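What Swiss-Prot says about this protein:
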DOMAIN    1-158  domain 'Obg'
DOMAIN    159-334  domain 'OBG-type G'
BINDING   165-172, 190-194, 215-218, 285-288, 315-317  GTP binding site
BINDING   S172, T192  Mg(2+) binding site
Amino acid sequence: MFLDQITIELRAGKGGNGVVAWRKEKYLPKGGPYGGNGGVGGSIIIESATHVYSFESYRNIRFLKAEDGQSGATNNRSGRNGKDLVLVVPEGTLLRDVETREIIYDFAKDGERLVICRGGKGGKGNTFFKTSTNRAPTKATPGKPGEVRQVELELKLIADIGLVGFPNAGKSTLFNTLAKTEVKVGAYPFTTLQPVLGLVPCREKLYQKPWIIADIPGIIEGAHQNRGLGLDFLRHIERTRLLLFVVDICGCERSSPEEDLRILMDELLHYKEDLADKGRIIALNKIDDLLPDERQERLENFQRLFPSEQFVMLSGLTGEGVDLLNSLFTNRLSV
């Protein structure tokens, strides 16, 4: 199961204790204070990276703790600082405080770092307390505890193109054709059970970097109310630059293809109104099942019902129309 949300308790390291110690040298039988300070506890840092795609490495982990600072030593030696603990998370990670639900940070780019829990300060050794009136202090202080925080990490995938559609609309087959990869396909609902990322080469611009495409698990009517795979995956649509609606042009037993498109649009609108303003292309898939005259007739019907939308007819299975779709990607994303 794709792990895109976790709750975890983070504990920074405790500061090391200061110590009471005395100089013990041959010609100084009553040497002065010589106890060192404790080391600083390790902090916990969260860092985003492009090579990480989920929270899989933190599965079943309830808490993480940075290293404690070490106690001071004689000869005025300070204890070693605790090592920082760095959590590497994917781009697109939202960090929330579990108690307040406040968004602490949005890791939208590669290499962003945040110190989420600071290590405790080290305690003071008795040397620190030496004064002109107190030449032999016997006082030392313990290290301070590190910060503790319970946080929620939620991933919203960042991609150029997000494929959305009903189960069995042919999304995974089209994804495989576009990204030249192999995602499991099958004639049953929810073949795609987790978001899958791929790269679509730009065929019209030689030095254009590939587009990142995300195959989002199939949406069903009521997804915004958490039906089917529901809200867990609708949120991944938010971070895409362009939506590719994939509709089976032949429809299915329960509804017409035109009705499928209307429901898809409504689901996204109900989930978040501003998704209606996101750029989109409508891919009328599986044209290999229709005769040329039937294709044109259905396209004209879609254009009549949805006059403001951009349509492309294609077949993810045979590859027909995919070059045209790639050209549309270039036109819409190279701005």
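The backbone N, Cα and C atoms fix where each Cβ goes, and this holds for glycine too.
Shown here: features listed in Swiss-Prot, placed on the structure.
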residue : record              : Cβ neighbours (10 Å)
G165    : GTP binding site    : 25
N168    : GTP binding site    : 18
K171    : GTP binding site    : 30
S172    : Mg(2+) binding site : 25
P217    : GTP binding site    : 27
K286    : GTP binding site    : 25
S315    : GTP binding site    : 21
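Note on the domain 'OBG-type G' (159-334): its mean pLDDT in the predicted model is 79.
Following the DSSP three-state reduction, the secondary structure of S172 (Mg(2+) binding site) is helix. Separating the Cα atoms of G165 (GTP binding site) and S172 (Mg(2+) binding site) is a whole-number distance of 10 Å. DSSP gives S315 (GTP binding site) a coil state; it is part of no helix or strand. For the recorded site, K286 (GTP binding site), the DSSP three-state label reads coil. Here the CA atom of S315 (GTP binding site) lies 12 Å from the CA atom of S172 (Mg(2+) binding site).
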